[in-house]
Amino acid sequence: MSKNERMVGISRRTLVKSTAIGSLALAAGGFSLPFTLRNAAAAVQQAREKVVWGACSVNCGSRCALRLHVKDNEVTWVETDNTGSDEYGNHQVRACLRGRSIRRRINHPDRLNYPMKRVGKRGEGKFERISWDEALDTIASSLKKTVEQYGNEAVYIQYSSGIVGGNMTRSSPSASAVKRLMNCYGGSLNQYGSYSTAQISCAMPYTYGSNDGNSTTDIENSKLVVMFGNNPAETRMSGGGITYLLEKAREKSNAKMIVIDPRYTDTAAGREDEWLPIRPGTDAALVAGIAWVLINENLVDQPFLDKYCVGYDEKTLPADAPKNGHYKAYILGEGDDKTAKTPQWASQITGIPEDRIIKLAREIGTAKPAYICQGWGPQRQANGELTARAIAMLPILTGNVGISGGNSGARESTYTITIERLPVLDNPVKTSISCFSWTDAIDHGPQMTAIRDGVRGKDKLDVPIKFIWNYAGNTLVNQHSDINKTHEILQDESKCEMIVVIENFMTSSAKYADILLPDLMTVEQEDIIPNDYAGNMGYLIFLQPVTSEKFERKPIYWILSEVAKRLGPDVYQKFTEGRTQEQWLQHLYAKMLAKDPALPSYDELKKMGIYKRKDPNGHFVAYKAFRDDPEANPLKTPSGKIEIYSSRLAEIARTWELEKDEVISPLPVYASTFEGWNSPERRTFPLQLFGFHYKSRTHSTYGNIDLLKAACRQEVWINPIDAQKRGIANGDMVRVFNHRGEVRLPAKVTPRILPGVSAMGQGAWHEANMSGDKIDHGGCVNTLTTLRPSPLAKGNPQHTNLVEIEKI
């Protein structure tokens, strides 16, 4: 057998094992590995005391299983899932470099070990150790005072995604134990949206009534895959295996893959058939140019549009819409703007050549089924709501919705085993704000209104935010926009009067705490974690404490139970219901078993560590029931159909207060934005800047692990053409700046990014002298981003920025 013949049959297990050993050799600087690796592993096996199942439950969503080897109450090394035969559709849930480095997080010398109170100014990071009693008494006293003086609407649970997978440990504010505690004590100000998906989650329901997409594995049945800003090789690189499933599904279908992105991503990386670099924020213009070709060359699915859609042309336009207010008129230039959306028009905006737009339109119009999807980068723009709905128009125009191998234009859906979560109870406070608007609510809350600021539940806020819970999240500073402005707001103690931070490390956000509490990590306590982004295989992971509690670190449930005691016996009883954390897990799992008898018992799951189950329906096809019978299975839109023209959006556009450069439209149109590709500000700040998810971090989690920082340097990507103009060579230290702030970091000069565009991995820890020059040496992109929200969702537009870059 030849060498080539042997390589054809290489397994995923062998490949990963061999590359892992090779990586170790490289990390050791060329040090030769011994050939007694197997014997050494056996020796370690004999010496260890136990292996404990854990999970990495940070907000990449992959939620990978970990097998932690423990000796003398210390984690000595980490491996990942090794169960099953590891085949397509039933693969091992393997961790990436982040999860595999969790030992370095657990044993990190900078772990928080004791309760502390602030003794300097907020943001200085000056604290002194206090007892748990003092910390808990202070929190309870401040909470009582806030509620008595301002009411429960003045209490806010900060957006957090540091622990998204946990049940008892989950940090998502709408589903956390903190939310349950506050609902036992009169409630707190609600929030809507997310930093990840605010615009698409808001916009897509106006079209479809929901935000569903076909599963990745359904690409087995596709002839063409078109990905707008979707980069699972970095955003969903492990665990559930979206990247792996994408490649295996394409092997089966031989589908052509076209990647549309300003950056040549790892999802492309030689696997794509074509990369089309596009200016950030112009995806809707590309869609319009494609639509012009589809319409003029009779490539639209007219029967589908007539039967299932509202507002494509005059035939299905709602009665309350203006004449020529339909989508076809907009594309052909017969609408209000009198501009035909030709490929030439689209090319001038997007930077994609006219002939390539025409070719792409014909490919989309003739390849059926076509899987057209979008990641969450395109929607994280100031015009992101319009972009999300616009991309959905391509499968709508071509009739690819509701069929196997097609898609809705949304991101891929996944099969998940539904778990019974800790009930948070009802919130007596019905007012809510966008999760991105909390700094406004601190600074000028009573001035925030429903029609200008997106306040829901009442016409305006009555009080500003005075008390903040910040549990397992870095959005207080690092992941929020315009850090310098946010610093000014938080440092003013007359505004927000109490900030409680519950954390593992002294993060950028923790420095602003008044009371700082040391939390256990998820792997240090008992919990059950379900999969999230995992194709058509769901799983549950049972976490057991990897070590005993160390120093004075405590689990979140204990912390909140102790606060509840201090708020009154009725609050304590309502919060705990007389149960410990373990008893809650057993109680909730019993409810799961009652609904899903196929699950293993609690003790069996605990012994197994991980339980896997394939989707019994095979591939998930979004809106299939609607496609099969639209009358029996209407969508959750007012018409029950796909609403290309939304009367609800027309009413919002008519009644809301908007800035002159903001657009809310009943149609999925293209609109330019502030700090966009054609902004006058480009004369001063000529480069567009966006952030991307970096493989060494999940947002900011793992951002303090030295090994990962060394392996994946924080850099600003810049095209060679732009670099040459500025005298910048690869690796040069540069300053990236605009009117909001300045960041200093190395330059990555690469043709993998479009000229006129720059990019930085988001989530790097902010490092600046906030009482001095405020220059960020950590490379945090949010030093440069804006607090101005998007028009409809009031979401974060952290990819809409203009900067200049100069060599230092």
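A Cβ is built for glycine as well, from the same backbone N, Cα and C atoms used for every other residue.
What you see is a predicted model, and the numbers here were worked out from it, not measured in a lab.
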Candidate from Cys96, Cys184 that Swiss-Prot assigns to the same [4Fe-4S] cluster site as Cys56, Cys60, Cys64: Cys96
Cys64 ([4Fe-4S] cluster binding site), number of other Cβ atoms within 10 Å: 30
Which of Cys56, Cys60, Cys96, the listed binding-site residues, has fewest other Cβ atoms within 10 Å: Cys96
Whole-number Å value for how far Cys56 ([4Fe-4S] cluster binding site) lies from Ser196 (Mo-bis(molybdopterin guanine dinucleotide) binding site) (Cα to Cα): 19
Averaged pLDDT score, the domain '4Fe-4S Mo/W bis-MGD-type' (49-110): 93
For Ser196 (Mo-bis(molybdopterin guanine dinucleotide) binding site), the number of other Cβ atoms found within 10 Å of its own Cβ: 19
